[in-house]
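Per Swiss-Prot, the features are as follows:
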| type | residues | note |
| --- | --- | --- |
| REGION | 1-236 | region 'Alpha N-terminal domain (alpha-NTD)' |
| REGION | 258-353 | region 'Alpha C-terminal domain (alpha-CTD)' |
Amino acid sequence: MTVNIKNWQELKKPNNLEIKPGNDSKRRATFVAEPLERGFGLTLGNALRRVLLSSLQGAAVTSIKIENVLHEFSSLAGVREDVTDIVLNVKQIALKMQGEGPKRLQLSATGPGEVKAGDIAVTGDIEVMNKDLVICHLDEGATFNMELTVDTGKGYVPAVSNRPVDAPIGLIPVDSLYSPVRQVSYKVENARIGQELDYDKLNLTVETDGTVTPEDAVAYAARILQDQLALFVHFDDQVPVGHVPMVAGVPAHAPEESDANQLNRYLLKKVDELELSVRSANCLKNDNIIYIGDLVQKTEAEMLRTPNFGRKSLNEIKEVLSSMGLRLGMDIPGWPPENIEEMAKKLEQELLG
């Protein structure tokens, strides 16, 4: 099968991801990605938003059991809130949980005073993030004892689904919002490349409950999308296949006909044979990049960190590599081969002969 790698390699990809922290950097941040091809801001923004809100793992309370309470429509002496109000407050508890559930936690308090989420007796693998959340108020002499069952999951699970078949009397199931992401919004603006404004800039704002940072949340969402889409890619683009490359205008022999084996013959070509500007050639030389095989394994970010190497030189090299069916950031297993100089000389002799 012939793979037209230009389908994805010639699309503009964001070369910069700017992260703008909010007032609380652990809970809120805005991500700015540009430039994107026209329409990709909406495509990526909507996909990331849906995954962020629906698919990330988290922890939540699934049920509670309060001493001397038979059902959620009860009230307790000395407790100002009804049980229904307590349930609503319990649903807002933000938990960070390691390992698998379900697990049980205890909350005991004596009045007068406020009962807060921070009063919950937690184990070493569970942390309450919003310790100042008020669960209820107790009057003088009142006591309050509650058992909470917590578990891990994703999305939203209604209380009716959290009731076990053999639920004891007094067990009150709770709606569980497992998602650690509280709010996601995005805005698409125009981005400029030179004099062209026909590109997108994606502004993605993420707010979490503190159990996961916005940076990690976005990374998880992107990884989920990557994992789901992998099924649809039925070819390997690491080394171009389906065609015999041209080296210096001469068709290269099939890989199995020489010691190069499966290596693309271009990889054995020296970078000083490329028609590059003096600046670009000197930058590659100073960075000890000798063969094209050395060059293609460099990422764009690594190249831009090279002294005196700028965006113009990067675009020049990307264009030259693209004409050969190669790109930056490739993974070439077994590179460099131990006998690379011998292989390069043999290839040169084959071309001259």
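The chain as shown is numbered from 1 upward.
For all residues, glycine too, the Cβ spot is worked out from N, Cα and C.
Using DSSP to sort the residues of the region 'Alpha C-terminal domain (alpha-CTD)' (258-353) gives these counts of helix, strand and coil: 52 helix, 2 strand, 42 coil. Here the region 'Alpha C-terminal domain (alpha-CTD)' (258-353) returns a mean pLDDT of 79 for the predicted model.
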